[in-house]
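S.K.: My structure is below; once you've seen it, I'll send some questions.
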Amino acid sequence: MAEGEPAWVPKVPVKVDREVMELVRNGGATEQGMNAGEFFLALATCNTIVPLIIDGPDPKKKVIDYQGESPDEQALVSAAAAYGFVLVERSSGHIVIDVLGQKQRFDVLGLHEFDSDRKRMSVIIGCPDKTIKLFVKGADSSMFGIIDKTLNPDVVQATEKHLHSYSSVGLRTLVIGVRELSQSEFQEWQMAYEKASTALLGRGNLLRSVAANIERNMRLLGASGVEDKLQDGVPEAIEKLREAGIKVWVLTGDKQETAISIGYSCKLLTRDMTQIVINSNSRESCRKSLDDAISMVNKLRSLSTDSQSRVPLALIIDGNSLVYIFDTDREEKLFEVAIACDVVLCCRVAPLQKAGIVDLIKKRTSDMTLAIGDGANDVSMIQMADVGIGISGQEGRQAVMASDFAMGQFRFLVPLLLVHGHWNYQRMSYMILYNFYRNATFVFVLFWYVLYTGYTLSTAINEWSSVLYSVVYTSAPTVIVAILDKDLSRRTLLKYPQLYGAGQREESYNLRLFIFIMVDSVWQSVVVFFIPYLAYKNSAIDSASLGDLWTLSVVILVNIHLAMDVIRWTWITHAVIWGSIVATWICVIIIDSIPTLPGFWAIYEVMGTALFWALLLAVIVVGMIPHFAAKAIREHFMPNDIQIAREMEKSQDSRDANQPEVQMSTSTRA
């Protein structure tokens, strides 16, 4: 570095290899040194990174903050800067790179951005020595098809070994190549590119065709490996999701070895799993691999006598095999293998293939699908799933904008599903049944009255009370309980993920419960109507007084029914439930105090008798007997996991964290 020249340092420090640094700085005259310099020049030029120069703690050094869509690109450009190839400026037509202390201007003559079909990007650079170079970087599966392996076979062989070792330890790999273009080749490309970029129809396909024509006969420069570090809590989160009976499928664009390594590190794959690998290069081999996988699954099923001795299975399949499967309409066989496996790991898949996998499940099962991703390549998958979740991170906000929910880290998925998902299911299930019950009870009372009035339009219950029943008398408790009630605490739900299976098994909302709640509503309506009717049958009481008794009885019954099922009592819950009963009395008294309305003064006359209060008590007691008996029998003799966990919460102190865990029912829903 010349005296007085500013030192450019990337904001993110990169540990350098001294041998490589020495080769780059002092080996420029050798072929190996020139290749190393060209490799780092490719990293500094073949990207869409925008450098931002900021002041650092040392006034003699300028800190460069690299901004870009991909954190992998940021890491590669920072690595190039650490070895002396510092990207310091970018404009629409050129970039400036500090090459070992000397600023050099490179003209950006063309750029083919990365796309999921080509799986690579390329840039055409006009160098200071008037040469034109094409730099390309991309996935090894696409790059080795355009590399001229006769130019440097030793480098190709060594790079293949390095790629295998990189991916085996979970690194995300890229292959970098270069080709020097002649003036005629560049002009031919420029004409084709301008024609394609101005086309009105099929512009994307034309641009990909132009890129494919120029990206050929490349000279291999080397490969890079970037650590794809997991977020905190990812292994624990996946483990809890699997304990909850949720099948976890991973769809990634990484190499198979990289995906498997990450699968082990995040506890998705375990050593005791039998792996079924489908990695085919032809339709025939793919068909054979799929048939072999089905045979293996059937064989292992026949050997497993129960769920405890069943061998866990993991399906690992690559993008090429998925292409053959989807093209030959063999999705049914893939689905048969996939649902039999505990884990599915798809590697080297394109964004549309991710959406296709999600659609494969949606069309063939009634189970809910959830997709979570953090990048633009996950958008189609997120939109295809029943529930889409975007992670707001360094990959941009495309996934967040296309999602139903957004979160900062993957581990937040655990409380979202196991805690808030469980609470929501419990509340919604109960409230749906309860709303049917409270409305049906009131309507059935009117129905029994119609049978005794010759199906006329007359009614004993005041029209105002009929309207206020759903607006004032019973609305507030329904809303408050639906918001505040919790069957289990957050700590218990996180400690026992198996409790999530209650929703998968539809324990809180099913046809049996619906029938029972309707039978209960019929019983209570019969009690509400016929006990007062038979008691006053031979008396001179008017229908308005009887209607007031029916109204009060129904409101008290449905609110006591709700109170019996409330689990977490708060002062708000007490206020709305008992306050609704008080409000009903007040409204009935006010309505019967208006001379212009039918039933004037009826409530005052009927309340003055002891029979009124005796009937009110009798209706409540007799009406609640079936519900009370069923609740007592179910919780004491046939408790489910939720009720057992609830009793544990009552009986043990929150500090007892070392108590033996209770065996929960498991679910194998997809």
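Please read every residue number as a count from 1 along the shown chain.
The backbone N, Cα and C atoms fix where each Cβ goes, and this holds for glycine too.
Sharing the features that TrEMBL gives for it:
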- Glu73, Phe114, Lys137, Arg172, Thr252, Gly253, Asp254, Arg348, Lys354, Asn377, Asp378: ATP binding site (BINDING)
- Asp374, Asp378: Mg(2+) binding site (BINDING)
- 660-670: compositional bias 'Polar residues' (COMPBIAS)
- 400-640: domain 'P-type ATPase C-terminal' (DOMAIN)
- 648-670: region 'Disordered' (REGION)
S.K.: Identify, in sequence order, the residues in the chain of Asp254 (ATP binding site) that are 6 or more apart from it along the sequence and have a CB within less than 8 Å of its CB; answer 'none' if there are none.
M.R.: Ser167, Arg172, Asp228, Ile262, Cys347, Arg348
S.K.: Output, ordered by sequence, the same-chain residues six or more apart from Asp374 (Mg(2+) binding site) with a CB under 8 Å from its CB, or 'none'.
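M.R.: Correct list: Gly390, Ile391, Ser392, Gly393, Glu395, Ala399.
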S.K.: For ATP, with binders Glu73, Phe114, Lys137, Arg172, Thr252, Gly253, Asp254, Arg348, Lys354, Asn377, Asp378, what's the maximum Cα separation in whole Å?
M.R.: 23
S.K.: Would you count the other CB atoms within 10 A of the CB of Thr252 (ATP binding site), including those on all shown protein chains?
M.R.: 22
S.K.: Counting other Cβ atoms within 10 Å, pick out the least crowded of the binding-site residues Glu73, Asp378.
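M.R.: Fewest other Cβ atoms within 10 Å, among the binding-site residues Glu73, Asp378, is found for Glu73.
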S.K.: What residues, ordered by sequence, lie under 8 A Cβ-to-Cβ from Lys354 (ATP binding site) and sit at least six positions away in the same chain?
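M.R.: In sequence order, the residues whose Cβ lies under 8 Å from that of Lys354 (ATP binding site) (at least 6 apart) are Leu251, Cys346, Ala371, Asn377, Asp378, Ser380, Met381.
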S.K.: Inside 10 Å of the Cβ of Lys137 (ATP binding site), count up the other Cβ atoms and send me the figure.
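M.R.: Within a 10 Å radius of the Cβ of Lys137 (ATP binding site) lie 24 other Cβ atoms.
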